[in-house]
């Protein structure tokens, strides 16, 4: 299929199935993540107490684990939720925010990597750090380009059997053998908190859909880039961008 | 009084008294809840540590308890806050997010029901589950219509002496004897996170006002539906809806 | 330098250095705080687990401690982060939300005051309470004007060697000897949650810049008032204000 047709096909599946997406994500991006999933037609739910997270992960279509504001109790809940998805055979996705830069989350990310994530989504510094090839970025920001992390992403994909998504102005998506790119990012999107974190949630929802996982993760990147491009033409800065971006995600189907 | 005059009367009281509303709510909707209360003229405050929650609940005009991202420590804080409002004679409102679907929060909701909430606000699946008539919805979404939960709502209202608000495209508000309806919802509002949760906070604030509690809770539903209708005409999707909705709540008094 | 030139100079430093700003802030304002810092060109990061907060505070350019939704574990993390900044010689800023009104946070604020904050930012009731001259406001709202707290602010500045910023329709900024004012606020800004909390984060970022700390804190107030004035002319209420405000912060440099 051509990229545009593929995107449309995945989007149709997405809206039809409305994936119930269990988000265990950081405190800063919860609202935006939920609104991005809702705008696209998914059903997000944030459930965090260990007992509940374990129970809910078995009911949901996909799980997102984002370590941005990790705490010790949250790490414990995440581990139980991940084990529950593994037992249920549903996919989970790792967003290793600022891995490499901070010891506690780096240990945690390395431990849960063995629990077979369906996909990993990070910026270049995070993917390099997770692959053991660098010491992390500056806070939550990447100090490397996505292209520079491509070899690390491919190695990590082969080691973990996950689809690895390295995002930046151009996104690179790889399963270790095949690699796709999605262009169209803009620096303005780095002036809005949570665009990368929300993409990880969309990747998780897409991983629950039928079809090739690499295709589905690539489509997730495509949705965000496409809505971002529309929003850029309609906004005067990062504030109006957020509104326009959610509107564009909501209208995405009609534009194909 | 006619519905429109009643709404205006309650709104006038709301803006004059600016109810100090203690919100113990879920992590996903805190900002939106605060902004909805502020736009309407209330004074929201989120206070969560057990010692502080107990102290603050005694000072506030109303308390909201929303179990969306319940944790064990938060449940303990909520219980102390509720006991404090009961001792102070001020109203508290329960929003039983996803009750029935998850065991931990279901036990907690059933326990605190005995502490005499002034009102309960949920979607149809939640009200059915809380009344013991079903096993809950799909994640946080309702799989039932508000009308289908009306009998459950009336039973629950008689059992708990709370006003029960079942929301959907049409809202039903009942004290077990009398039942009101407020129409005017739109599917777009289900694509924005927190509209239901924010309504629960407005119901809590309205429960602190003088007058009939059923009237006050009905007015709360009316504010949200009315602002939603205005916002719908001014928005192109869920992103612009949020801005327009807060603007419409802020301007509400002038439209009556 | 004239105020306008000073503002431009500090803004240029801000955008050039992009201060890595560690925010330990309340749950209600995290997204808005991050977006305000990003719009101005800083690099925000929210890191909260004690081990990580200690490690990250030593790497960051500045730390914000906001006690709005303080919990016992968070207080412990904040203390370790503060000690880490003190050891590293980097500035930290205190936002004493609702101090005086609630015992737990009042004790905590008094304890950490001895750890030499670079600046303290609060409303009049908070500054009066922190200086021991009153018992606090109504919830998180001030019941006093900024001018009425000026003597308290000056005393507090001399006692703690911090720059004290009392905000309201007119902001007063003092180091105990010198006092500056920044006018231009509007009541609409009090109908949006987090404008004060976000200013505290901008003050923290500005405290990391070279130059006179009083000048830098004054410039932070100026950025927010200036963007607020622009946004007011472009908004119809608190919802559209938020978008317009972030856009105006982002465009600020070009307007000088």
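Residue numbers in this text run from 1 along the chain shown.
Backbone N, Cα and C atoms are what each Cβ position is placed from, and that goes for glycine too.
TrEMBL does not curate its annotations; it predicts them automatically.
So that you can see what the record holds, here are the features copied from TrEMBL:
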type: BINDING; residues: A:46, A:194; note: substrate binding site
type: BINDING; residues: A:121, A:167; note: ATP binding site
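Annotated features taken from TrEMBL, shown on the structure.
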residue	record	Cβ within 10 Å
A:46	substrate binding site	26
A:121	ATP binding site	32
A:167	ATP binding site	28
A:194	substrate binding site	25
- Task: Determine, to the nearest whole angstrom, how far the Cα atom of residue A:46 (substrate binding site) is from the Cα atom of residue A:121 (ATP binding site).
- Result: 19
- Task: List those binding-site residues among A:46, A:121, A:167, A:194 whose Cβ lies under 8 Å from any Cβ of chain B, in sequence order, or write 'none' if there are none.
- Result: A:46
- Query: Under a three-state reduction of DSSP output, how is residue A:167 (ATP binding site) classified: helix, strand, or coil?
  - Reply: strand
- Item | C-alpha spacing of residue A:167 (ATP binding site) relative to residue A:194 (substrate binding site), in angstrom | 13
